[in-house]
Amino acid sequence: MTNIRKTHPLMKIVNNAFIDLPAPSNISSWWNFGSLLGICLILQILTGLFLAMHYTADTATAFSSVTHICRDVNYGWIIRYMHANGASMFFICLFMHVGRGLYYGSYTFLETWNVGVILLFATMATAFMGYVLPWGQMSFWGATVITNLLSAIPYIGTDLVEWIWGGFSVHKATLTRFFAFHFILPFIIAALAMVHLLFLHETGSNNPTGISSDMDKIPFHPYYTIKDILGALLLILTLMLLVLFVPDLLGDPDNYTPANPLNTPPHIKPEWYFLFAYAILLSIPNKLGGVLALVLSVLILVLMPLLHMSKQRSMMFRPISQCLFWILVADLLTLTWIGGQPVEHPYIIIGQLASIMYFTLILVLMPVASTIENNLLKW
């Protein structure tokens with residue numbers, strides 16, 4: 001009798017995706033982040049579901065309901081902090097996953113890469129709306145400032161902002177719709193993740209060398225299932241260290257003050273994972289220019305396949321490109337730091353230089369380096 005996992009219509013899908021899937025024999029720990037993102041998503045949906053059972057999406061009671069969850073609900077505090085810090089872990093894994101894709105040239109799988117970029121935008125939208133829900137000072141002012149950026153769009157901008165707000169300011173209607181979107185988007189993300197996997201399994205995984213590994217494949221189970229379990233344990237360990245020892249490390253103290261439209265916090269800033277884009281936004285004095293740069297800072301990922309000039313796929317054997325890649329990483333860390341600082345000298349000029357550096361590295365220096373490396377190969 002044939003094994004049920006190979007014949008049953010549902011089990012067959014699982015089998016072909018996670019058990020008998022042919023995988024390259026040389027993929028490193030950088031290939032663990034896909035499964036870690038899946039775990040993060042499941043964790044966020046589960047903790048979010050339990051939080052939604054006690055949360056009220058109303059300006060009068062939202063802040064109190066979060067306090068109630070932390071104080072009165074059984075293990076509510078741990079669910080709340082797992083959800084908040086789970087978002088940070090999600091973005092750490094996302095940045096590592098995207099960075100891996102850039103380094104090893106995974107963007108040459110066009111469909112997989114483009115679905116991935118859509119996933120990144122969807123996750124950023126979800127995280128932004130989630131940050132508004134506790135209705136603290138930074139929730140309210142963050143929502144006001146970020147949504148207000150859309151007013152920079154010519155002609156339709158102001159109407160668009162008022163349409164999103166459901167009125168003339170961020171108020172009850174805004175909070176209710178943000179909660180609705182924050183609840184539905186993770187399920188859309190889950191569906192997109194399946195499409196992402198579907199496209200990936202059409203081509204098979206990339207590997208550190210960037211060379212076809214068709215002649216050297218191994219089954220996903222047990223080799224990579226056990227490797228993914230180790231990654232998952234390390235992820236959960238890191239998350240629980242954050243939750244149990246320093247739950248507010250990555251949060252903002254201003255969010256423990258209830259939202260007050262009459263009192264603006266001294267430094268309005270988003271969560272840490274948006275600071276790089278926020279720094280790019282602030283580095284341009286013009287409002288529309290800043291918004292365009294903000295969107296382009298992430299949308300530039302779509303251009304990566306077009307900017308790939310090298311004859312080799314991966315950066316494994318390209319030392320000049322490697323140097324530029326790590327300079328880009330350092331530049332992004334600099335932007336993240338600047339995004340959290342007040343808008344004053346010397347932070348303004350550092351932010352402007354880091355922003356110029358960011359776009360120059362991706363659009364000019366990396367393609368030029370690839371061309372130089374191609375010529376060096378001829379020698």
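Glycine is treated like the rest: Cβ placed from N, Cα and C.
According to Swiss-Prot, the features are:
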TRANSMEM  33-53  transmembrane segment
TRANSMEM  77-98  transmembrane segment
BINDING   H83, H182  heme b b562 binding site
BINDING   H97, H196  heme b b566 binding site
TRANSMEM  113-133  transmembrane segment
TRANSMEM  178-198  transmembrane segment
BINDING   H201  ubiquinone binding site
TRANSMEM  226-246  transmembrane segment
TRANSMEM  288-308  transmembrane segment
TRANSMEM  320-340  transmembrane segment
TRANSMEM  347-367  transmembrane segment
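Only sequence-distant pairs (6 or more apart) were considered; of these, at least three Cβ pairs between the transmembrane segment (226-246) and the transmembrane segment (33-53) are under 8 A, so the stretches are in contact.
For H201 (ubiquinone binding site), applying a Cβ distance below 8 Å and a minimum sequence separation of six or more within one chain yields N16, A17, L21. Taking pairs at least six residues apart, the transmembrane segment (288-308) and the transmembrane segment (113-133) share three or more Cβ pairs below 8 Å and count as touching. Between the C-alpha atoms of H196 (heme b b566 binding site) and H182 (heme b b562 binding site), the distance comes to 21 Å. Within 10 Å of the C-beta of H83 (heme b b562 binding site) there are 21 other C-beta atoms, taking all protein chains into account. Neighbour count (other Cβ atoms within 10 Å of the Cβ, all protein chains): 21 for H196 (heme b b566 binding site).
Here the Cα atom of H182 (heme b b562 binding site) is found 23 Å from that of H97 (heme b b566 binding site). Sequence-distant contacts of H97 (heme b b566 binding site), defined by Cβ-Cβ distance under 8 angstroms and a gap of at least six in the same chain, are F33, G34, L37.
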